[in-house]
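According to Swiss-Prot, the features are:
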- C145: active site, proton donor (ACT_SITE)
- K51, N52: phosphoenolpyruvate binding site (BINDING)
- R121, R150, P151, V152, D153, Q154, D333, I355: UDP-N-acetyl-alpha-D-glucosamine binding site (BINDING)
- C145: 2-(S-cysteinyl)pyruvic acid O-phosphothioketal (MOD_RES)
Amino acid sequence: MQVTVNEHDAVECVATATPAGNREAHAHGTDKLAIEGGRRLAGEIAVSGAKNAALPILCAGLLSAEPVRLDNVPDLKDVRTTLALLGQMGMREETDGARVVLDASRVDNPVAPYELVKTMRASILVLGPLLARFGYAKVSLPGGCAIGARPVDQHIKGLQAMGAEIHIEHGYIEARAKRLSGARIVTDMITVTGTENLLMAATLADGETVIENAAREPEVTDLAHLLVAMGAKIDGIGTDRLVIQGVERLHGATHAVIPDRIEAGTFLCAVAAAGGDVTLTGMRAHILDAVIDKLREAGATIDEGVDTLRVRMDGRPSAVAIRTSEYPAFPTDMQAQFMALNAVAQGAAQVTETIFENRFMHVQELNRLGANIAVDGNTALVTGVPKLSGASVMATDLRASASLVIAGLCAQGETLVERIYHLDRGYDRMETKLTAVGANVRRISGSEA
């Protein structure tokens, strides 16, 4: 049986459940953003912790009975949903701003129900930790998703190679194992969440596990660093071959989540498109090399500090060709934002999407703003125009919504971006951060609309 799970933006699906946890859910399902374009951006923006690192790291808290202390955790809807899911299992958590303390000593319900999994595909990441520590896990299959999918088969195949008995019935993956055994696992494709799930499971397995064709994303590396801090034995971190020596137990640890390279890239792209001079703080340039290279090609000046990135842009950008691929190549999660940049650039450029089969849904909305984009299969030809014009547009997924915000910053007149609950899944207070550097962006709550 083949089932599917989104790999890179593991949580792009529509949220319908009310997130729990101590963090306040500040977004309403019908909120909109009103953007008055044409302003240069200037000032500083603090980059939040990485969503795609925080979610597996929160799930890794299940691997130990001792407290795991996390810093730089972003305040996002998906983080709150993950904490709600872990809380249902018996995990206790304390949250103070960007600091979260997890205590899994009393976890007694190793089940991830459909009600939460359908809102967030990253919920599959509890499968490996639950099975490794408790010998049992029951996790709902992820539901439908807007932008295409990748198979969860790789997770199941890898766990079966480690000795797990897995049955899929009534929409649930039910997995059992007295203790997982080390194995050599070769994934059919590069899978981020699959690598993370198998890596977490292998830390408590009996013997050596080798994961070949492992994902190399910085978020996978960040998870591995937390696991090592908890007592795991992992070699090959940052490469496509991970070697894990299983241990009897993992202990507590303290860890800071890496900066969000996609949030940083989105703001860099916004400045390159709209013009300005902005410094990003709390950012590591080396995890964003492919994006920085393309922005320089577009004409932006980017200065790299120890933990800062300064971007300066005058005039129109130059069109740049993009081809998405696995890290360290150009990330699929930045494709839509560069589409918006190319929409106002001088010249024309091709954008080719190789990761997802259905990730051009923002094209129709960008064209509503006056962009000139033609799609042919997995390639889009973007011919830049001097100016976009404000209009009402609708977000279809997380990164598409970011591209519409960037386009709105460049457009003449007002742009109204609807369904921004997508944006809130992956960006911590985007409108607040943009307003602080001179953008005219305001949230219209559902009650006002």
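Numbering starts at 1 and runs along the chain as it is shown here.
Cβ atoms here come from the backbone N, Cα and C positions, even for glycine.
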Practice item. Would you please pick out, from the binding-site residues V152, I355, the one with the fewest other Cβ atoms within 10 Å of its Cβ? Key: I355
Study note, to complete from the structure: Comparing local Cβ density (other Cβ atoms within 10 Å) for the binding-site residues N52, Q154 points to N52
Point to revise | Cα-nearest neighbour of N52 (phosphoenolpyruvate binding site) within the listed binding-site residues, V152, D333, I355 | key: D333
**Study point:** Residue, out of the binding-site residues D153, D333, whose Cβ gathers the largest set of other Cβ atoms within 10 Å
**Key:** D333
Review point. From the Cα of K51 (phosphoenolpyruvate binding site) across to the Cα of D333 (UDP-N-acetyl-alpha-D-glucosamine binding site), what is the distance in angstrom?
Key: 12
Point to revise | Coarse DSSP state, helix versus strand versus coil, of V152 (UDP-N-acetyl-alpha-D-glucosamine binding site) | key: coil
Check your understanding: At the Cα level, what's the spacing in Å between D153 (UDP-N-acetyl-alpha-D-glucosamine binding site) and K51 (phosphoenolpyruvate binding site), rounded?
Key -> 24
Review point. CA-CA, which of the binding-site residues R121, V152, I355 lies nearest K51 (phosphoenolpyruvate binding site)?
Key: R121
**Study point:** Three-class DSSP secondary structure - I355 (UDP-N-acetyl-alpha-D-glucosamine binding site)
**Key:** coil
